[in-house]
């Protein structure tokens with residue numbers, strides 16, 4: 001790994017990104033390089049540097065000190081770049097096949113240089129196009145199971161876990177989730193964003209005391225339960241995929257939180273894609289939900305039985321209790337994410353990309369009804385087949 005002297009923060013340009021790649025020695029001397037800024041996210045600059053002869057490339061990602069979606073009036077910590085690079089390295093120690101390689105990071109410049117995954121496609125885009133990604137849910141189920149187990153009190157020494165958790169204290173980005181996922185959509189807040197035609201539907205949510213109580217319970221879990229190292233923002237836009245490969249990216253929201261959170265986020269985004277499809281094309285999404293949970297429980301359970309360091313792990317019923325609570329939490333977190341992505345600050349192309357306005361509004365009303373029931377009825381769901389049942393029951 002190359003080492004260069006850090007300097008004071010300044011935003012990169014394509015020219016500076018190219019110079020950095022050369023200084024790091026990641027390409028042969030004299031290689032003709034092409035650099036393009038490709039970032040389309042809200043929080044970062046992303047540059048793709050490619051050797052024009054071999055077509056081999058790297059990605060240079062730099063955190064911005066503000067959210068692009070809002071501007072400099074919304075300052076953000078640059079520490080999230082360190083969180084991201086450390087999370088990728090931590091995940092790589094357990095599931096290297098599911099994350100990009102990190103070549104270099106610079107804390108003061110808020111830069112991470114990593115493997116080029118441009119030969120893959122962002123899963124959200126592919127799902128919108130109708131791709132099925134047959135191994136996506138198997139890979140994500142394994143990713144979540146292994147990263148959760150090995151960073152939990154069951155998979156690592158408890159004192160070492162506490163030290164690791166300290167290195168992933170991430171208050172600024174957790175605050176974004178606390179507000180945009182668990183709070184703002186349930187109240188009349190300026191950050192919310194929805195069509196005028198949905199106002200009556202949204203007001204119903206704002207005045208729903210039962211929904212508020214259950215959302216508050218889920219927010220409390222997010223705030224207080226430091227179970228495992230989470231990706232923190234595991235939606236289909238944070239995953240590169242092909243028919244046989246899956247890579248998880250962008251863990252700048254990583255922190256120690258409740259086991260079910262990443263599961264719920266991923267499931268929610270599968271549901272959001274299903275909401276955008278006609279009935280005849282939804283089955284692959286529900287199959288993915290089934291497999292995600294099945295693989296997660298299988299892998300997590302096997303690790304529990306064979307590698308747990310917790311004395312109580314052999315106690316009959318404890319694993320079942322952990323898995324049951326994880327499922328209930330995942331259902332509730334999925335409901336919060338579905339509602340947030342429908343009426344909150346950051347929408348998804350799955351719903352917003354529906355061309356016919358009437359169909360788009362119908363899908364969003366469906367999303368609000370589904371999200372509500374996932375939250376308030378989460379403890380009543382017995383398994384992933386109940387996602388199908390609630391989906392159908394809330395369609396009209």
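Glycine residues also receive a Cβ, built from the backbone N, Cα and C atoms like all the rest.
Cβ neighbour count for residue 252 (ATP binding site): 27 (other Cβ atoms within 10 Å of its Cβ, all protein chains included). Per Swiss-Prot, the feature ATP binding site maps to 44, 61, 115, 116, 117, 250, 251, 252; the stated evidence is sequence analysis.
In the three-state DSSP assignment, the secondary structure recorded for residue 233 (substrate binding site) is coil. Marked as substrate binding site by Swiss-Prot on the basis of sequence analysis: 233, 340.
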Which residues of the same chain, at least 6 positions away in sequence, have a Cβ lying under 8 Å from the Cβ of residue 44 (ATP binding site)?
-> 61, 62, 63, 64, 252
Out of 115, 116, 117, the binding-site residues in the record, which is closest to residue 340 (substrate binding site) when you go by Cα distance?
-> 117
Return the residue, from the listed binding-site residues 233, 250, with the maximum count of other C-beta atoms within 10 angstroms of its C-beta.
-> 250
Under 8 Å by Cβ from residue 117 (ATP binding site), counting only residues of that chain that are 6 or more apart | 59, 100, 240, 247, 249
Would you work out the biggest C-alpha to C-alpha distance among 44, 61, 115, 116, 117, 250, 251, 252, the residues that bind ATP according to the record, and give it in angstrom as a whole number?
-> 18
Surrounding CB atoms that lie within 10 Å of the CB of residue 251 (ATP binding site), all protein chains | 27
Within the chain of residue 116 (ATP binding site), which residues six or more apart in sequence place their C-beta under 8 angstroms from its C-beta?
-> 48, 50, 56, 57, 58, 59
